[in-house]
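Database features, via TrEMBL:
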- 86-515: domain 'Major facilitator superfamily (MFS) profile' (DOMAIN)
- 1-27: region 'Disordered' (REGION)
- 84-106: transmembrane segment (TRANSMEM)
- 126-147: transmembrane segment (TRANSMEM)
- 154-171: transmembrane segment (TRANSMEM)
- 177-198: transmembrane segment (TRANSMEM)
- 210-234: transmembrane segment (TRANSMEM)
- 240-260: transmembrane segment (TRANSMEM)
- 301-321: transmembrane segment (TRANSMEM)
- 327-345: transmembrane segment (TRANSMEM)
- 352-371: transmembrane segment (TRANSMEM)
- 391-414: transmembrane segment (TRANSMEM)
- 421-445: transmembrane segment (TRANSMEM)
- 488-509: transmembrane segment (TRANSMEM)
Amino acid sequence: MESTVNLPNKSTIKAQTTSAGTSNSPATEVNEIRQTLDGYVLHPAQYSDNAAGLKLSDDGKHILIPQPTDSPEDPLNWSPSKKAITLIIIGYIAALADYTGGTAIITVIPQSSEWNMTAAAVQKAVVGNIFAIGACGLFAVAFANYFGRLPVTLVFLASFFATSVWSATATSFESYLAARILNGFFCSVGQGGALMWIKDLYFFHEHPRAINWVELPIITSPYLGRLITAFIVSGTTWRWAFWLCTILGGIALILTVCFLDETLYARSISQLERVLNGSRIQRLVGIGQARSLHRRSLTESLMRPIVCIIKLPVLLTIIYYFLNFAWVIGVNTTVSIWLTQFYGFTPRGIGYFYFFGIIGPLIGWFAGHWLHDTVGSLYAHRHNGHIDPEARLIIAYPATALLFIAVVIIGFALEHHWHYMVLAVFSAVQTVGAMIVTTAINAYLLDCYPEGSGEVGAWVTASRNWSGFMATFIQIEWVTSAGPATAFGAQAGITAGSIIVLVILQLYGKKLRKRQGRMVFSSEEWSDRAYLF
């Protein structure tokens, strides 16, 4: 295994200009694409020249991958405070999708009474919304790679705001159903696109912690939505739950207009060729991006998610995540029914119960804040400073074990009507495992395919929500007909079986990545690929 990966490539040579302004030269460029295939080398001591001429982290311990340009417009060069504000806003926007989805689950009962329908019929709006949330990210990242991150986020948020108003004012189920499906299609712009913002802003060694921060509000949000909505419907009309969603969407719009900035930056363009991206208003509406970015065709941008999913490491990771997160959502969407049926909970009591969905992800985030970096550091120490993307998956094994144990205990607790605190504790344990797994697989896929950061993140979001789409359809009938212990036992078996996918990725992931190569989104990149390989 090579420990020195300091190779120039064609795009690097293109980026070299005269002394009038260049960012990186072939002698100082870290070949990020090559490192995605051979593994990352972060420590300066592992380079033959002790990383002479390469830019390092402030503490001098890490090579900066990718190497930033010398331009202050490069998002990698933004101040820590500006990066932190951007990450917080993206996390907030990302939480809106599942928060509103969680809201709609609790409002089913009062809506069914108002419209003289069965709860199962009204539940169709929930299912349609969940499916649309999964699809949203795939379109959002495709458009964001063509028009820019900022204008696409603004348009999607404005549409989310409008459809939230529509949801709150719908006077018939048909109108409400249409509002929820359209709301789902626009609300996941932050969740589906979170990984591309992280890749734009942060260096390789910073990715796991940044992902962990963003995933906390995402994993917490559906439980928070149910918790707050349970209190709302116990004291007033269900419509106020969606007015609150509207208010939250309005806050996201204000934050975007006032603080969010464009992070799509073509590092391969030399300073001599670069055009300033205009005023803030121009960046908000996309004019600045049209001037400063060398766009490819819209068709190529729309094809990017397809190019992404045909990579076997991506597909296998998505399958693994689907097989695990389905039962997290299955518990989440149906536990209120079992609490009402078996334990006589009131809506307010259900609201209190959903605190498990806040505590669990917090524990998972707190543990992951150190665990992900620690596992990576230990792996690098044992491999001469070399980190393969597959190292990110090591932590997923114990996290999957937590998911398995939690599902088994929840099944027995419901079967034998154990104390509801057993349900609460192991539902929280399940979310701890889900939090750790989610960060691990996002970090793994981002390490594998940094050129497709938005696309891999969008597929993770699609997998999470489409697994929920499936679980929402089958969970109630399955548990009712087979019994909780049998149904949840089968789900635990599926969770255990998913470890086979992890083993395949650990043993053969690197070979698969090398065989299939990096993601190539255009004919120009095909010529670069021929040069590189």
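Glycine is no exception: its Cβ is also placed from the backbone N, Cα and C atoms.
Unlike curated records, TrEMBL annotations are generated automatically.
Against the transmembrane segment (154-171), the recorded stretches 126-147, 240-260, 301-321 differ in Cβ pairs under 8 Å, and the greatest number is found for 240-260. At the 8 Å Cβ threshold, with sequence separation of at least 6, the transmembrane segment (327-345) comes into contact with the transmembrane segment (352-371) through 3 or more pairs. Only sequence-distant pairs (6 or more apart) were considered; of these, fewer than three Cβ pairs between the transmembrane segment (391-414) and the transmembrane segment (126-147) are under 8 A, so the stretches are not in contact.
With a cut-off of 8 Å on Cβ pairs spaced 6 or more residues apart, the transmembrane segment (421-445) and the transmembrane segment (84-106) reach fewer than 3 such pairs and are scored as not touching. Cβ atoms under 8 Å from those of the transmembrane segment (240-260) belong to residues 85-86, 89-90, 92-93, 96, 99-100, 103, 106-107, 150, 153-154, 157-158, 160-161, 164-165, 167-168, 190, 228-229, 232-233, 284 of the same chain, restricted to positions at least 6 beyond its ends. The transmembrane segment (301-321) is in contact with the transmembrane segment (488-509), judged by 3+ CB-CB distances under 8 Å for residue pairs 6 or more apart in sequence.
Among the recorded stretches 177-198, 210-234, 352-371, 488-509, the one sharing the largest number of Cβ pairs closer than 8 Å with the transmembrane segment (84-106) is 210-234. Long-range contacts of the transmembrane segment (488-509) within the same chain, counting only residues at least 6 positions beyond its ends with a Cβ under 8 Å from a Cβ of the stretch, are 313, 316-317, 319-320, 323-324, 326-327, 330, 389-390, 393-394, 396-397, 400, 403-404, 407-408, 410-412, 414, 444, 448, 479, 482. Confidence annotation: the domain 'Major facilitator superfamily (MFS) profile' (86-515) carries a mean pLDDT of 92 in the model.
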